[in-house]
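J.: Straight out of TrEMBL:
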| type | residues | note |
| --- | --- | --- |
| DOMAIN | 32-286 | domain 'G-protein coupled receptors family 1 profile' |
| TRANSMEM | 21-40 | transmembrane segment |
| TRANSMEM | 52-71 | transmembrane segment |
| TRANSMEM | 91-110 | transmembrane segment |
| TRANSMEM | 131-151 | transmembrane segment |
| TRANSMEM | 183-205 | transmembrane segment |
| TRANSMEM | 226-246 | transmembrane segment |
| TRANSMEM | 266-288 | transmembrane segment |
Amino acid sequence: MTNTTCCNFEVRFLSYLLPPVLILVFVLGSLFNGLSLWIFCFHNKSWKASTVWLFNLALADFLLMVCLPFRTDYYLRHKHWQYGDIPCRLVLFVLSMSRSGSIFFLTLVATDRYFRVVHPHHRINSVSTMCAAGIACVVWLITIAGSVFILTKRREFSGGSEGLLACESFAICLDYSEKQHDYIYLVQFFVPLATVAFCSCRVILRLRQRNLDRHAKIKRAVQCMVLVGMAFCFCFLPSVSTRIEMLRLLDSPQWQDCNIYRGADTAFYISICLTYMNSMCNPLLYYFSSPSFQAFYLKIAKCPNQAASESETNDQVANTYQTNEQLQQ
């Protein structure tokens, strides 16, 4: 990959807009996903298939957080990469793999809720934890296979200004060498999106038919489906739309003019941050999906109240004791 075949743009305001967003996502995402992994490992009393999907979703999100400091530094330096080509490939590979893993495990969560609500007696609802773990391993292998091409070629290339080195996997290359990544990115989005849309529609239809919307477990399933749908639409659709526009421009009569890609390229860098925000927001899904998370956070919320109550009780005892002493005197 060279600057003679790939377009690269300097957009100064991205260096001021993106780093604060990425820092916020990194801090909150690392905290909540790290806490989620800790709850799964040490406070989860029972493991089911749905728990396995949520655990792997948290793992994918946490792996993505590990890469964000490097991308933040990259944008702070006006899209200049200073760590070499091999670290560049590794960071881009982990970002791609984690993003794909997050989408796939979100899809599994939605599918799990679909079977439990629409087909409650289906044998897939009784799948063992070991079988679920095996499916999770297969999903990870698929995400690795879909991202491994990033490791096979140089990703560090000369940027728009002299001395700047870009580090990109979604580069705009006029020789069409990077179209593969776009096509994989689109397939990895639209197939899960169709699955989630189908599952959501069927769940809502079944609930209306049976009038079960007041049941606690059903409510939790609906909340889970809503969160998954929001994650797909809000976090992933904008970046996918910009890549579709990029492919359209590559097939336009002016495809050799780099300037026609500037707007779509800028929009992509902004929208890709939304995919990172998805990893920050997924812990909300764990709270609504797992009773263990609800119990853990309720326990934390009760501790300060208990401490305040105990302190108030101690004060009352002390005041009573002082009053008794005064009466005795």
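Backbone N, Cα and C atoms are what each Cβ position is placed from, and that goes for glycine too.
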J.: Which of 52-71, 183-205, 226-246 shares the most C-beta pairs under 8 angstroms with the transmembrane segment (131-151)?
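T.: It is 52-71, which has the most Cβ pairs under 8 Å.
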J.: Using a Cβ distance cut-off of under 8 Å, indicate which of 52-71, 91-110, 183-205, 226-246 has the most pairs with the transmembrane segment (21-40).
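T.: The stretch with the most close Cβ contacts to the transmembrane segment (21-40) is 52-71.
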J.: Let me check one thing: do the transmembrane segment (226-246) and the transmembrane segment (91-110) come into contact, meaning three or more Cβ pairs under 8 Å with sequence separation of at least 6?
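T.: Answer yes, regions in contact.
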J.: Of the stretches 91-110, 183-205, 266-288, which racks up the most C-beta pairs under 8 Å with the transmembrane segment (52-71)?
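T.: Answer, by Cβ pair count: 91-110.
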